[in-house]
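Asker: Dropping a structure here in structure tokens format, bear with me for questions.
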Amino acid sequence: MTALLEVEDLKVAYGKIEAVKGISFSVEAGQVVTLIGTNGAGKTTTLRTLSGLLKPLSGKITFDGKPLANVPAHKIVALGLAHSPEGRHIFPRLTIEENLQLGAYLRDDKEGIAKDIQHAYDLFPILGERRKQAAGTLSGGEQQMLAMGRAMMSQPKLLMLDEPSMGLSPIMMQKIMETIVELKSRGTTILLVEQNAQAALSLAAQGHVMEIGKIVLSGTGQDLLHDESVRKAYLGED
Amino acid sequence: MNELPQQLANGLILGAMYGLIAIGYTMVYGIVQLINFAHGEIFMIGGFGAFTITLWMPSSTPLLALIPMMLIFGIICSVLVGVAAERFAYRPLRGAPRLAPLITAIGLSLFLQQAVWFWYPDAKKDITFPQFSGDAIGILGANINRNDLFILIAAPLCMIALGWFVNKTRAGRGMQATAQDPDTAKLMGINTDRIIVMAFAIGAAFAAVAAIGYALHFGQVGFKMGFLMGLKAFTAAVLGGIGNIYGAMLGGIVLGLVEALSTGYIDQIPGLEQFGAQSWANVWAFALLILFLLFRPQGMLGERVADRA
């Protein structure tokens with residue numbers, strides 16, 4: 001079978017500086033795939049290119065059988081690719097409920113939308129309690145929940161999460177990771193970018209280690225978790 | 001000396017015009033952080049569009065019957081120019097340093113003024129605009145000229161329509177999202193290019209409505225009419241808090257009231273007799289702008305700068 005997302009020899013540059021230097025990987029439907037690596041490895045650049053916010057220099061992106069390379073960002077969502085960006089980027093002056101509704105911007109099924117908003121509140125009860133509150137007043141972890149809930153509102157075929165645990169307290173990080181496990185168990189296909197390599201690899205089917213724009217190591221999550229060089233570089237072991 | 005209700009009414013009439021024009025500055029700024037200095041000329045072109053209708057219709061047509069046509073054609077002219085400005089002058093510069101579109105805006109402003117001066121028949125001097133005749137109408141102690149009823153009715157209707165659009169429609173929600181975080185708005189599936197065009201179009205349409213109010217009030221249109229009105233409306237947008245649509249209208253009304261009250265009352269303060277003349281109204285208006293920029297740069301209803309990510 002063909003993969004849901006296929007990335008071949010993707011290169012992305014900011015001006016003359018190449019941030020992604022020819023990477024290839026794929027995501028099968030129902031899988032959780034993770035990209036790990038240090039700051040500046042090109043993980044976020046990769047996701048922003050996949051969702052159309054950046055234009056690739058060269059390479060091929062195929063999503064659900066269609067080429068993505070020059071499709072504008074707002075049309076990529078319609079194809080079923082949702083992106084919860086790094087730094088959360090909720091709309092601070094809109095309420096939580098309005099943020100979730102914006103996640104469903106392209107949908108017309110009012111009842112379905114209301115149902116999915118309820119699902120988001122079931123998943124994250126704190127959002128339901130504060131639905132009429134401006135999203136900017138939420139804590140970092142709550143904003144992350146909102147960003148994930150909002151991304152799910154488009155009913156994506158593939159959910160891309162960029163650094164969902166960044167800057168969160170250990171308890172909140174735990175909660176976010178549990179949510180990803182929950183989404184995974186519902187069959188959601190996820191491309192996860194994380195600096196918390198331990199957590200990401202332990203729930204991913206496939207993992208890729210990125211270093212300065214390249215994928216230097218690939219394997220199953222379990223393999224990478226037990227790989228010596230990965231343990232040294234990313235899991236803080238000597 | 002005039003009575004207070006009369007001065008308040010004068011201020012309100014002027015302020016409603018400022019406020020309607022200010023909406024265009026503030027919406028565009030809120031979304032693309034551009035001060036569209038050609039907006040005063042988009043206002044002026046709406047006035048010329050409305051006037052053109054009087055040339056096309058038989059001279060026996062009553063003015064009241066002309067007003068709807070003036071609205072439609074004035075709005076069409078303003079919106080076409082506003083949208084063309086966005087498409088051909090500003091969009092190619094998106095992502096350029098901020099000074100580039102600002103200089104473009106000033107250039108476009110001069111170009112539009114001169115284009116009307118050059119090509120519109122008889123536009124080299126002010127053109128007389130038809131006015132309603134008949135006695136002023138007394139409302140709450142003020143005498144309201146019949147010509148000013150237009151702006152006093154149109155401005156609140158425009159604000160109600162805009163409030164409904166922004167808060168109750170999908171495109172309006174998309175507009176708020178785009179103003180707060182354009183990249184993330186794209187990730188929601190919002191076509192932000194289209195939202196930007198919409199902001200220019202709404203601003204231009206409101207400017208055209210204001211232009212008809214202006215033309216009826218002063219009884220003339222002219223190629224220079226957009227300069228000072230544009231500057232005042234920009235002031236109003238800053239006073240209200242640039243980026244905030246309700247602030248724009250509030251700022252316009254406050255500015256209009258300050259002008260009217262300064263004309264009416266400053267000369268009654270002992271020692272300040274010479275500062276109350278009509279010619280000083282502009283001085284007071286811009287003094288208010290400077291005070292706000294010094295002490296409350298975010299304006300009356302301004303958003304806190306911190307959450308402008």
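Note that the numbers count up from 1, one per residue, in the order the chain is shown.
Cβ atoms are placed via backbone N, Cα and C, with glycine included.
Remember, predicted model here, so these are calculated numbers, not experimental data.
This is the feature table in TrEMBL:
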TRANSMEM  B:12-32  transmembrane segment
TRANSMEM  B:39-57  transmembrane segment
TRANSMEM  B:63-85  transmembrane segment
TRANSMEM  B:97-120  transmembrane segment
TRANSMEM  B:149-166  transmembrane segment
TRANSMEM  B:195-216  transmembrane segment
TRANSMEM  B:236-258  transmembrane segment
TRANSMEM  B:279-295  transmembrane segment
Asker: I'm a bit unsure how to read this: which one of B:39-57, B:63-85, B:236-258 has the highest number of Cβ pairs shorter than 8 Å with the transmembrane segment (B:149-166)?
Answerer: B:236-258
Asker: Could you name the stretch, out of B:12-32, B:39-57, B:195-216, B:236-258, with the greatest number of CB pairs under 8 A to the transmembrane segment (B:97-120)?
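Answerer: Answer, by Cβ pair count: B:39-57.
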Asker: Any residues 6+ beyond the ends of the transmembrane segment (B:279-295) with a Cβ under 8 Å from its own?
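Answerer: Non-local partners: 228, 232, 235, 238-239, 255, 258-260, 262-263, 266.
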Asker: Check the transmembrane segment (B:236-258) against the transmembrane segment (B:12-32) for contact, please; criterion is three or more CB pairs under 8 Å, pairs 6 or more apart in sequence.
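Answerer: They are in contact.
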